[in-house]
Amino acid sequence: MVDTAPVTDTGPVTDAPATPALEPGPLDPAPAGAPPTPPHPTGRALPRRLTRLTRPALAVLAGALLYLAFPPVGLWPLAPVALTVLTLTVRGRRLRASYGLGMLFSLAFLLPLLRFVSFVGADGWIVLSTAEAALLALVAPATTLVQRLPAPWLWTGAIWVAQEALRGRAPFGGFPWGRIAFSQPNSPYTALAALGGAPLVTFAVATTAALLATALTHATTARATGTGAAARATGGTATRIRPLLATLTGALTLTLAGLAVPLPTTAQHGTLNVAAVQGNVPEAGGLGALGEAFQVTDNHVTGTENLAAAVRAGRTPQPDLVLWPENSSDIDPLTNPTAHAALTHAATVAGAPLLVGAVLDGPGPRHVRNAGLIWTTDGPTGAMYVKRHPVPFAEYLPGRALLEKLISRFADEMPNDFLAGTSTGALPVAGTVIGDVICFEVAYDGLVRDNVNHGAELLVIQTNNASFGRKGESQQQLAMSRLRAVEHGRATIQVSTSGQSALITPDGTILTQTGLYEAGVLSAQLPLRTTHTLATRLGIVPEAVLTALGALAMIAGLTHPRRTRHHPGDNDPTSTTHQPTPTSTDRTGDDHQHPGETHQPAAGTDQKRRGVEATRVVVCVPTYNERENLPDTTRRLRQANPAVHLLVIDDASPDGTGKIADELADDDDHIHVLHRPGKSGLGSAYIAGFTWALQHGYDIIVEMDADGSHQPEQLPRLLDALTDADLAIGSRWVPGGTVHNWPRSRLVLSRGANAYVRAALGVPLHDATAGFRAYRADVLRARDLDQVASQGYCFQVDLAWRAWQAGFRVVEVPIDFVERERGASKMSRAIVAEGFWRVGWWALTSLRRGPASTSQRTGAGAAIPTPARPTDPTTDSLTTPTATGPDTVDAGRP
């Protein structure tokens, strides 16, 4: 890309190659009296003269802040703050440098977070932290990549989810400790877990951070270019305040969105009186915390006897179920008579079945199992859950034969391997089904979700935290348990040998809890719920979709050219110096559009527009099984618009719609029929109609549905709007537009789809999916129609967005939309899915920019300005309409 030297009022200034200058950022105020300086195109928002240690120090600071967001400190607002700092730190860096900064960030976060692992030795703690940091650090160069794309705040959230999906699965089945969602057990974000699980909470926090980073960049840009106070001092104009306010509003809205999510806690299948026994351990932390054989079991028998005494005294209600933690029977009670007798005695005195955590021998030599057993006065019932995800290097040794030779202490400290179970933890007991997971398994989405899908009405986390000391592990695990309660709408019990144990309601509220390294019994009546939350029903889908978007964003970022230095006057409306924009050439030698250059639409667009009465207009109406609607729609169209032609494009409708169209055409020379061999989709039908219309010399080509949902009597509104526009869209969602007889689900779908299109593509349309629209022929001639691949309703988005990108004037005209009375809607899940992925892909691969804004307005509707694309990718974020005159609404980018 050709570049020019920056120019000021005193003449050209050339960057010194040895010490290239950087644009001022949020940490570096502009010098007094300096001319306005536009933002750096890479969005760098850091001091002008960075020392070598500034960015590394910021990366370490971000990691430390993120650690403080997690329990035991638990300052949850620091999570988005930390990610904001990281985003600004790595923005505009080379990928290798970003990874190095990400490694510093990750170590500063994970070393203190995982310090509880140090009970096995400092080497184990450092190795685990470093290995996890190497994976977490990948999010830094990924963040750098997506900052090159439009709406970087959207893709930043997705790459955080993708990173957590990777770290939760690899290596050795993954280790998802430290997921961003687990820092939010009691925050405004928490309730989002009921909609999309932990991945959605992570996405919301990371997206908030990216919006804050964008807002900070806007604030710095506003100051540097003379906005607000600076504008009053220098005579500048406040051109960047609105995107600043928009991004801040977006961040605040996303933060508070969870408060609108209902979290019901009422019982749906009765209640259950539950008692959780925390028997305590002989030592507070370390490898010897569990003491001698039977010590922990005896402690829990004693705790159960104390519970029985409290019941007899009337201080505690009779429990329906008594819960013991993981490893509460450290000797196999199925083979050891002493352990068997102890558990049977405990069940007898409690007067209720027990869920016991036990270490079972076998089935082979040097094999054991970590299990939860249902035990009654008659002994084990046979209902058993065996831990499905044993922890590598703690419960089993990968590559044992080799590692025992290399590291001799493994043979002494880990003589046995825990075998993984194969069945879910959904256990029938006490007239209900409980969902059991053991210890670290609470961190894995699928293991908990499987229990709910298998009928669990109550969740139980059996855990043994005795070896971890007072280093935060138990509090971190409790935060996960609280999030799981919200995610699945189930009362949840965390029961530990040494703390913290807690009883949690379905909305994540802790009813009661124990302290660390103390004996205690918790008792409460908990609701049993059967309804599945949206997160439970969707399962892995939110994580899969966001991970895919994150991966696509990174790929698109790799193909997106790094932006070069921007200078005053290069398409910057706030610059006091104006220099011609250089032309750039791609690798094939063909000129392509440089940011800020005006794309010239097809010939004739800039000529004085003719009145509608002087044009030939054809309405294209695709049909498939519309025999009940087509005659009435045709009659209304022809009566309201006598000079307009009608083209029916029929896809061999089985109900004979094509034959009816032929009969109508026989009686009216303004009606034409195009027969196609079969149903090929809405998009291809319109393409066929457009091609026919262009071949036959029509000046204006209209889309309209055959089912009567679009009012033919309102077609003149669209045609009048074309006096000063190239594309007029009949909009349901601009002021004056109405929708009748639509179910709430369709209203939500349409509103949501258009919000997604607006955010992803940056096109300032309220109703980009609308199917009632009128094109000047030049708009369609400018597209290679044979290359249009979209088929469903995203076809409408495709054509409107590309026209806007190409510099054509687009207006939205309010219309009345009335849902069909006869026949079946063609809307389907496949159409929704196509729209979702195509719009996402278009957003990621849209590398070229449109012309400067030429917003105008007719009396018919609000003009959509053609896009003036800034060189700073952060300004592709949330934007709000800007009033440019009494009758003009400019919804474009600044």
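Any Cβ shown, glycine's included, is placed from N, Cα and C.
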Task: Range among 1-46, 645-690 that TrEMBL annotates as region 'Disordered' - done: 1-46
TODO: Could you tell me what the rest of the chain brings near the transmembrane segment (189-213), counting residues at least six beyond its ends with Cβ under 8 Å?
DONE: 45, 76, 79-84, 86-88, 91, 152-154, 156-161, 164-165, 179-183, 247-248, 250-251, 254-255, 257-259, 261, 263, 445, 449, 482-483, 486-487, 489, 507-508, 533-535, 538, 542-543, 546, 874, 877-878
Open item on the list: Need a quick answer: max count of Cβ pairs under 8 Å to the transmembrane segment (99-117), which of 57-79, 124-146, 244-263 is it?
Closed with: 124-146
Open item on the list: With Cβ-Cβ distances below 8 Å as the criterion, list the same-chain residues six or more beyond the ends of the transmembrane segment (244-263) that contact it, or say none.
Closed with: 80, 153, 187-192, 194-195, 204, 207-208, 211-212, 214-215, 218-219, 222, 486, 489, 506-508, 877-880
